[in-house]
Ligand code: SF4
């Protein structure tokens, strides 16, 4: 189990490596292998923060990271929260997307060592090599062509993806490189969601019960105001104002946690994807995408302590000292 | 339809099915089959949820049952004979397009003759095929005259068979040009004069590599080519014919196409200030009307749809549901080529309550009120439509 497997544990090769290593999940769980704790973090961060990246700088070893994935799949199957599986798969995919882009674009060695991943390798991984083309001569193409069936299959929701607005010739849709990465994200999401929720036998579920309820209680943030009669960005807490500015700016982009915080905050104010996109402006496409799939505020926006942990509590002011949740801040500021 | 008429038609349908052999669609035994029998009740009850196994050998079935209408499913299933869609276990579906004269813009089913409706429909079919062949690049297509008021296209390319309803709706919207409101939807935007500066200039360029952007561009280029050959006075006058383009705009545009032709042709919508964009918007609206294929959406998006079986007879017209080879499409005339051979050699007596005209086999047949002797295909057509009854011979 190497660094590639650790970064992309849903790859077929990672699955094989786990198989060949003859790892027994039941034993791992019974013995409290660190992969269980990392698996919990994986699911919890996926559901709360929209990413599966580790929170601490203290990296776990590759083997633990790889094994945390099958454990996370078990855990998310046991978590009792609506849409947990979908949200988990989407967060795995968001993180994978960020990692792909990092490796493709900067051609940079992965931080865990090993050769950087190539686009071709990812296309092959998802059986997309024959349905994605670039114009042969260009070594660093900015546009690709995707077979229309594949395009329809993987395109996210959203006006920019409507086929009718697209260049389509002889069965191939033109996409930008960035859009191709979005399509790959969907392929990852599909792969992760495939087979979930798992049917978990008791011998695995029972020893995980405590871990599962830990995740569930992290989700249950019951103590913030839930309804607002208007959207007034002037009354947003400093963190949300800062995130909004970043989302609107061309130069900065939001981290996954920042995007999740902002989108779920707007969702909690009763804004749907379209309203959120209008407020933000169309500068940040992935934000629009996230907002579109928000499912009516199903996922509660993070509390101040979570915001701090993910480094998106930005410029707290005096009022912040009196509240625990950005929505609480907003409710008070509105009055 | 009285009993004598019904028995006559049913008998002759049987004779027809004995003469011809009906070619089966691929994956016959994974499809659902259905038919509407010749029954006395007015309501048409479809017998469906049949598997190929239930139906048995199709030729035998058709000659024995002599149904009025025969259908097979676009979908392929694990258990096509199961009664509910859930139990059937859907695998995949052909992508089916239906053009029905009744739903075409510019067709008035009350006023227009059957022949002219079918002609309008064939034009729409040709527009549809441009999308399917050039934009979508489909290979495995079967074009069929429905036997009634339109045409079907069955697409069986593997890449589209697994598409779900929403994805099929994207295909529908594409061929209809649905949702195209503003030409800016078909452009890429480049922000010129520096990122992040105040008031950066947006440069919009049509995306011209296929699709609707290309359809708008080809119209722009055609106009540019036309105007470029004219002197300024004529060119400006020509451009002013377009709604919203005044003398100033026309002059700007004329200068752009003469001095900056490459930019205009490349789809640069800023090539003549706001005016190129204005023209492009007009051309988009035209393109949707002129090129769009007004297919019947529910047929394409319904993955469990039952469709008429090519080679069978349409019980509401007495015409054959006819496969058309692509090369024969230009010359295809449904009112000649879909007339079953079985019905051309004899004359029969029918009773028509009113005087009528029927165009069939390239001739106009005038049917007087009351009992008359007509060519059998004409009589079958009238009786199948419910416009005449069989008279005793
Ligand atoms: S304390 Fe809470 S509300 Fe204030 S900036 Fe930090 S996260 Fe936002």
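Using N, Cα and C of the backbone, Cβ positions are placed for all residues, glycine too.
DSSP gives residue A:313 ([4Fe-4S] cluster binding site) a coil state; it is part of no helix or strand. Cβ neighbour count for residue A:313 ([4Fe-4S] cluster binding site) (all protein chains, 10 Å cutoff from its Cβ): 20. The [4Fe-4S] cluster binding site annotation in TrEMBL covers A:239, A:304, A:313, A:320.
Annotation source TrEMBL lists domain 'DNA primase large subunit C-terminal' at A:230-309.
By neighbour count, meaning other C-beta atoms within 10 Å, the densest spot among the binding-site residues A:239, A:304, A:320 is A:239.
Take the mean position of the Cβ atoms of A:239, A:304, A:313, A:320, the recorded [4Fe-4S] cluster site; other residues of that chain with a Cβ within 8 Å of it are A:237, A:238, A:307, A:308, A:314, A:316, A:326, A:329. Under the three-state DSSP scheme, residue A:304 ([4Fe-4S] cluster binding site) falls in the helix class. Confidence in the domain 'DNA primase large subunit C-terminal' (A:230-309), given as mean pLDDT, stands at 77.
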